[in-house]
Amino acid sequence: METQRASLSLGRWSLWLLLLGLVLPSASAQALSYREAVLRAVDRINERSSEANLYRLLELDPPPKDVEDRGARKPTSFTVKETVCPRTSPQPPEQCDFKENGLVKQCVGTITLDQSDDLFDLNCNELQSVRRIRPRPPRLPRPRPRPLPFPRPGPRPIPRPLPFPRPGPRPIPRPLPFPRPGPRPIPRPL
């Protein structure tokens, strides 16, 4: 009788352990939303960055259509911008203000939505920096030149003499060169 009780209690314990084993993996492998996975990737970018300030998510491209398999790698594309918070700050980047004229980077790669899997493969490149782009002032049309006034009746001003020729003796002109001596062409008869 005692053996039957022991086997029944052992059966119950094994059933409880089986149920517990089925429940625990699903709780530990909770899937992240697409945005949460991207925010984790931004945190990893900040951890590995050698720059002075933290980066914060600026723009997130739409998620891929097939988000059924949480463990598979998903293509992603997003933009981050430099914040005013130093990299050593304990403050999360989402609470930091964007730095005026801060660096902007476009990140492209793959992420996973599985919380236990911390794999991501991203390549972030600096976009044309806002601080380097200055808006050009609008081009205004050139002003038209003023028309010359019509001559008015009345006395005309006396024109000033030009600085040339100067008064004084004129130089003697050089004589024209004479033809060279030598054979003369013979005229042809008509």
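Using N, Cα and C of the backbone, Cβ positions are placed for all residues, glycine too.
According to Swiss-Prot:
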type	residues	note
COMPBIAS	133-145	compositional bias 'Basic residues'
COMPBIAS	146-190	compositional bias 'Pro residues'
DISULFID	Cys85-Cys96	disulfide bond
DISULFID	Cys107-Cys124	disulfide bond
MOD_RES	Gln30	pyrrolidone carboxylic acid
REGION	133-190	region 'Disordered'
SIGNAL	1-29	signal peptide
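This view paints the features noted in Swiss-Prot onto the structure.
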residue: Cys85; record: disulfide bond; Cβ neighbours (10 Å): 21
residue: Cys96; record: disulfide bond; Cβ neighbours (10 Å): 18
residue: Cys107; record: disulfide bond; Cβ neighbours (10 Å): 21
residue: Cys124; record: disulfide bond; Cβ neighbours (10 Å): 18
Legend entry - Integer Cα-Cα distance in angstrom, Cys107 (disulfide bond) to Cys96 (disulfide bond): 20
Inset, instruction - Determine, from DSSP, whether Cys124 (disulfide bond) sits in helix, strand or coil. - result: strand
Legend entry - Length of the line joining the Cα atoms of Cys85 (disulfide bond) and Cys124 (disulfide bond), in Å: 20
Inset, instruction - Reduce the DSSP letter at Cys85 (disulfide bond) to three states and note it down. - result: strand
